[in-house]
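Database features (TrEMBL):
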DOMAIN    29-189  domain 'Glycosyltransferase subfamily 4-like N-terminal'
DOMAIN    200-319  domain 'Glycosyl transferase family 1'
TRANSMEM  148-169  transmembrane segment
Amino acid sequence: MRMRIKESERSMVNEPIRIAQVIGKANLSGVDTVVMEYYRHINRERIQFDFIIDGYDETPVDEEILQLGGCIYKVAPYEQNVFESVNQWSKIFKENRYQMVHAHLNTLNVFPLYAAWRAGVPVRITHNHSTAASGEGKKTKMKYVLRLLARLFATHYCACSAFAGKWLFGESFYDSGKVRLIKNAIDIEKFSYNEQVRNRIRREFHLDGKLVVGHVGRFVYQKNHDFLIDIFSEIHKENADAVLVMVGSGELEQEIRQKAESFGLTGSALFLGIRNNVNDILQAMDVFLFPSHYEGLGMAVIEAQAAGLLTIVSEAVPREAKITDLMEYCNLSQPASVWAEKVLALIKAGSYERQTQNEELEQAGYDIIEEANRLQGWYEAVSIKQNI
């Protein structure tokens, strides 16, 4: 077990409630981004987050967490040896005398929450951000098995959407009101459409005069990059000036790079890797594609709509994610050519004027300032009730 701790004198007087946030790899994926956004905007004099991160590698958020007053603990990757992870989680919870643990590993939450129960942590929060679909073999089967244990060892239940809440905890349990919705809120102003930023990014990546099709997501089965390349290939046949911009990294990246090359798209498919300025990259795009196999919500489509982008998603994306009229659905059973036709038809319609969508996002509850205040109030209420 490795850990990096911000050295400081911690007075017991007026000390903030310190909550252990159990997350995955911290590689700026949707879940990590959500937790970090709440951390940046919550009142850290009253609520502090410590992060238990899967794996020993340095992450893009390590330095920021320490600067914001949080502690970082690195544990053995659970996919290699979950029993070792449980032992390390339990030791961390016990040694630091945490009173509240908030787990974000979806169906795997049962493991860190068992560790928290074993360590005597009174408040154990399970938070689901995802669902499942056929196509991942043993992984899919394991999700359905672990779903049966979803409420075991938890004292409180959260989800990013009603769809995700019902999938993991069951429809009747969700309808009982026991599951708290915590929106995947964003800094709306940061993502709002900005023409100056758009022009700057398009110049930087030599995109002037191009039709820019965009995607943000990890290169994993869930995000369906394989089909994304198929769709873009059809678009490129009709518009040779089209460019596909992909942000993210993951286990399937090399495979997708090879496919793009085999389709003759080497110069037209840009792989930008992990970026800390996704808000700026979105400004340069003309249309956003999100053909996921499954989603708990789809953080990226919230951000895309905030940036005023035409957004086309699969039917796997929950209806709750449709905040504006900019988002449209297309079924994965449809061939890539149909998706491409939809993209080109929307672009050719001529009635699309890029603009900010701030009001719609605020009304839908995706303003991080408001939602961080709401989350803080809930943590404090739970703390008072538990006499923490």
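Counting starts with 1 at the first residue shown.
Any Cβ shown, glycine's included, is placed from N, Cα and C.
Unlike curated records, TrEMBL annotations are generated automatically.
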Positions whose Cβ lies under 8 angstroms from the transmembrane segment (148-169), at least six residues beyond its ends: 34, 102, 106-107, 109-110, 113-114, 116-117, 122-132, 178-184, 296-297, 318-321, 382
PLDDT averaged over the residues of the domain 'Glycosyl transferase family 1' (200-319): 98
For the domain 'Glycosyl transferase family 1' (200-319), the number of residues DSSP places in helix, strand and coil: 48 helix, 24 strand, 48 coil
